[in-house]
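The annotation domain 'Bicarbonate transporter-like transmembrane' is assigned in TrEMBL to 3-124, 142-185, 196-252. TrEMBL lists 23-46, 66-91, 155-172, 227-246 with the feature transmembrane segment.
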């Protein structure tokens, strides 16, 4: 989720609200109401890279994100005015497969990266107690051996959950085309992926109320935002537009 990459400056609640508003506007104005809109792997990588850039240069990430959105609106309006969608004819099947492979590779990398982090923070331990003889003394002077408790193993449990989720999703996908669904039954089954667990807040609020609010000042939250960065935000906006253009026109 983006909250892990941006230190909760943009989390699940902001993502859900922004995606829902974007979907409503796109269905009304985009003339493609069946197009799936959502946060994808390449955009997550961009958010992580831009957050790292702002952190290393002591810039406000959210303010920079506002200016990227401003430039992105201008770029999209120019492309629509000049009917830039004709550029799709220069895209081949090879480009489509490469981009789809990139999206899959990003999610695969994120899975193993998080698993490796869990193994570093919670290394494997044995389930048996130490060789030392633990004992508990009672009031009458008798000594009773202490109970040996199994140690929790977060890393191993995470590995089992990851492998189990993968194999369940893999075999269910093959189960759709198996002999248990003869005839035209598989055609009526939608290709719905397995749901993912999200940490959804209980109330209507931003992910980190102590760090930000709903309205972001484009001139700066804590200090004045540099003018050169306002202009330079057009470059990452071009990159975001390319990602969105590739996803909406090619992969869907």
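For all residues, glycine too, the Cβ spot is worked out from N, Cα and C.
If you look at the transmembrane segment (66-91), the same-chain residues 6 or more away from its ends with a CB under 8 A from one of its CBs are 50, 216, 218, 225, 229-230, 233-234, 236-238, 240-241, 245, 249-250. DSSP states for the domain 'Bicarbonate transporter-like transmembrane' (3-124), grouped as helix (H, G, I), strand (E, B) and coil, give 94 helix, 0 strand, 28 coil.
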